[in-house]
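Visitor: Okay, here's the structure, questions in a sec.
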Amino acid sequence: MLSWRHLVFWAMLVMATLSAARPAPTLPEQVSPKAKVEVESYSAHHGDLLQLRCRLRDDVHSINWEKDGVQLAETNRTRITGAEVEVRDAVQEDSGLYACMTHRPSGTETTFFAVNVSDRIPSVEDDDDDDEKSSSEEKEAENSKPNPVAPFWAHPEKMEKKLHAVPAAKTVKFRCPAGGTPSPTLRWLKNGKEFKPDHRIGGYKVRYQTWSIIMDSVVPSDKGPYTCLVENNYGSINHTYQLDVVERSPHRPILQAGLPANQTVPVGSNVDFVCKVYSDPQPHIQWLKHVTVNGSKYGSDGLPLVQVLKAAGVNTTDKEMEVLHLRNVSFEDAWEYTCLAGNSIGISHHSAWLTVVEAISENPVIMTSPLYLEIIIYCTGAFLISCMLVTVIIYKMKNTTKKTDFNSQPAVHKLAKSFPLQRQVSADSSSSMSSGVMLVRPSRLSSSGSPMLTGVSEYELPEDPRWEFSRDRLILGKPLGEGCFGQVVMGEAIGLDKEKPNRVTKVAVKMLKSDATEKDLSDLISEMEMMKMIGKHKNIINLLGACTQDGPLYVIVEYASKGNLREYLRARRPPGMEYCYNPIHVSKDMLSFKDLVSCAYQVARGMEYLASKKCIHRDLAARNVLVTEDSVMKIADFGLARDIHHIDYYKKTTNGRLPVKWMAPEALFDRIYTHQSDVWSFGVLLWEIFTLGGSPYPGVPVEELFKLLKEGHRMDKPGNCTNELYMMMRDCWHAVPSQRPTFKQLVEDLDRIVAMTSNQEYLDLSMPVDQYSPGFPDTRSSTCSSGEDSVFSHDPLPDEPCLPKYQHANGGLKKR
């Protein structure tokens with residue numbers, strides 16, 4: 001058995017091996033003859049959490065901790081809880097010999113921890129562990145070459161990633177491993193000029209052995225191109241990295257979705273509720289149980305009545321606070337529990353219910369065989385009878401709605417058809433909106449020899465008394481625009497409000513064009529029915545009525561006098577912005593920052609309402625948001641039927657628009673449309689708002705856009721946008737749909753920003769010089785008709801303000 005002196009010698013040897021630069025701490029000289037000594041080695045990096053724990057026995061009377069022979073005391077970083085010591089944010093001074101002495105009747109047992117804290121340099125890119133070794137091998141290879149060699153890149157595969165986007169306060173490391181004979185020199189340039197340590201706060205470190213530069217705690221002023229210049233007498237080579245520093249945006253605590261989760265357990269069980277909290281500022285976490293007093297769950301102040309079950313103490317870690325332990329639960333414990341987390345920015349909370357049931361019997365009563373067999377027979381018989389009834393009902397329904405056969409010539413319409421219209425709703429909808437409804441009754445034959453629906457009036461629609469409006473009280477006016485299958489004209493409706501029968505209301509009337517097809521009629525009816533089911537909201541275009549009897553179908557909707565949001569913003573650009581505009585039509589309206597945030601807030605409210613009705617828009621953009629006379633934002637075209645399964649998104653169509661630059665990657669590549677894909681489009685719409693109607697991804701061809709999106713690139717921050725709003729855009733553009741915010745969260749955040757924004761905050765709308773720099777030749781005419789515009793359209797938009805087709809210095813994009 002090893003003696004005490006042998007153990008001391010072994011501990012000193014371990015410490016000398018771990019830290020050659022530090023004097024090896026020695027063990028205490030005086031130890032009880034009965035003492036048992038153990039030594040454990042422990043290595044950690046700078047900034048890590050040190051955790052040292054003693055092994056305890058049942059008969060331990062007391063525990064003492066020492067470091068390098070001195071009693072260990074608690075500090076703001078050091079916490080001692082009996083048999084455990086925790087040191088937060090470890091530094092090199094925390095290295096040493098820690099001793100845990102447990103006193104027992106049989107003697108003292110001492111455990112030594114030889115701790116070594118070493119420095120660690122994080123890097124933007126993952127360097128191989130053998131950087132030092134490879135550098136040595138390169139130099140040996142260079143020196144062994146008899147002939148001179150010009151500089152060359154030793155590991156070009158490690159230099160492929162040129163754009164680096166990192167959060168502020170991170171450490172950045174760029175490497176340019178090179179070789180040559182004689183050994184070349186290394187210099188670093190920033191923005192094409194020599195980069196010296198005094199050019200940035202905190203300087204930088206150059207490690208010539210690994211051909212690298214290291215910058216600690218980067219700040220936004222560190223953005224820019226960094227060039228490594230490698231040269232010797234026989235040549236020179238260089239490589240440029242682009243650094244982008246993203247500022248952190250403070251936010252209230254974020255709680256992981258689905259936690260804590262509802263639980264159902266037998267009485268007497270143990271329950272753990274888990275709550276994952278993410279927060280930059282230090283969060284304060286509490287666990288609450290909702291209670292009732294005199295049958296009420298709320299106090300006189302209207303706030304819920306709660307009992308604090310767990311709160312953070314002086315020595316409690318966040319990890320401990322994220323779990324609530326309930327032991328041996330009873331029926332009285334069955335109630336609602338809440339995890340409440342707050343920081344200096346705000347408060348977040350998630351709740352879960354605990355259900356306690358009777359304990360499951362260990363010996364359940366087993367059915368006798370005859371009874372069990374009888375139940376199976378009855379259930380099987382009932383199932384077969386139900387299947388037969390369902391089959392008969394479906395067969396009769398098909399016969400009732402069956403279309404009459406056409407002749408071989410499709411140009412002759414035999415009869416008016418019943419259109420089974422399928423609603424556009426999200427996949428999780430369980431409402432009746434997902435069912436097919438027959439909206440058109442058969443009528444007499446049409447004598448038309450045209451494949452177009454010239455006899456529109458011969459299609460009889462069932463009258464809906466809630467929405468039917470008399471034709472003789474509707475006056476049609478000038479055209480407002482044309483769509484794929486119909487047109488919109490201005491109109492005046494007399495007595496639209498039944499309480500004011502003589503009042504004239506300006507409206508917009510949707511109708512079919514003269515060359516409309518049967519599918520066009522089906523689409524218009526589908527849009528009308530969708531608007532009926534969705535209902536009314538201030539921030540969507542609402543259905544006001546319809547003329548379905550004794551004539552062509554007219555769908556009456558709200559009129560927005562100021563046009564779509566894209567043109568509304570462009571018309572309010574000041575003359576100083578670089579785009580072709582007509583000075584005669586420049587509006588005198590001044591837009592404040594609060595006006596732009598209000599636009600975004602109203603659109604978010606409209607989309608929140610549509611999402612609550614299980615409606616997926618699929619084409620949210622500034623061109624599909626209309627503006628009323630009172631500058632109220634109203635979302636349009638949410639009821640359109642869009643065929644998303646037969647569109648080639650990589651090609652232009654003759655009359656169709658492909659909104660690829662607004663589409664989420666999962667919609668673009670996999671054709672998966674959800675509320676979260678609408679959130680991506682909302683992020684692009686935010687970018688449109690704060691560029692006053694700019695075209696997304698300016699100057700980027702669509703084929704290149706597909707590649708950039710897959711690589712994680714995103715658009716730059718607009719010049720007049722705050723960091724908080726830009727971070728909101730970036731959240732909307734998260735590659736993982738489930739990580740994007742919901743419209744409810746967007747409404748809450750924008751509501752807060754609107755409330756905190758002053759009305760007098762007018763924008764400095766002069767575009768910065770470096771916001772767009774020439775990247776593609778400018779071949780504009782007086783009107784925009786680019787095939788590379790943000791929406792693919794065969795026909796140009798007349799009199800449309802044009803933005804220069806410029807590209808940012810790095811492609812106008814950032815990588816997430």
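Note: Cβ is positioned from N, Cα and C throughout, glycine not excepted.
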Visitor: Looking at Swiss-Prot, which of C228, C275, C387 bridges to C339 via a disulfide?
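Guide: That would be C275, the partner Swiss-Prot lists for C339.
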Visitor: Consult Swiss-Prot and report the residue, out of N294, N399, annotated as N-linked glycosylation site.
Guide: N294
Visitor: Which residues, sitting 6 or more apart from C228 (disulfide bond) on the same chain, put a CB under 8 Å from its CB?
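Guide: Same-chain residues close to C228 (disulfide bond) (Cβ under 8 Å, separated by 6 or more) are F174, C176, L186, R187, W188, L189, W211, I213, N238, H239, Y241.
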Visitor: Any same-chain residues 6+ apart from C275 (disulfide bond) with CB under 8 Å of its CB? Would you list them in sequence order, or say none?
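Guide: Same-chain residues close to C275 (disulfide bond) (Cβ under 8 Å, separated by 6 or more) are L255, Q256, L259, P260, I285, W287, E322, V323, L324, C339, A341, H350.
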Visitor: For the domain 'Ig-like C2-type 2' (156-244), DSSP counts of helix, strand and coil?
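Guide: For the domain 'Ig-like C2-type 2' (156-244), the helix, strand and coil counts are 10 helix, 47 strand, 32 coil.
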Visitor: Please determine which of the disulfide-bonded residues listed here (C54, C176) has the lowest count of neighbouring CB atoms within 10 Å.
Guide: C54
Visitor: Which residue, of the disulfide-bonded residues C100, C339, has its CB surrounded by the fewest other CB atoms within 10 A?
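Guide: Checked C100, C339; of these disulfide-bonded residues, fewest Cβ neighbours within 10 Å: C100.
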Visitor: Could you please provide the mean pLDDT value for the domain 'Ig-like C2-type 2' (156-244)?
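Guide: Averaged over the domain 'Ig-like C2-type 2' (156-244), per-residue pLDDT gives 90.
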Visitor: Would you identify the secondary structure of C100 (disulfide bond) according to DSSP, in three states?
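Guide: SS state of C100 (disulfide bond) = strand.
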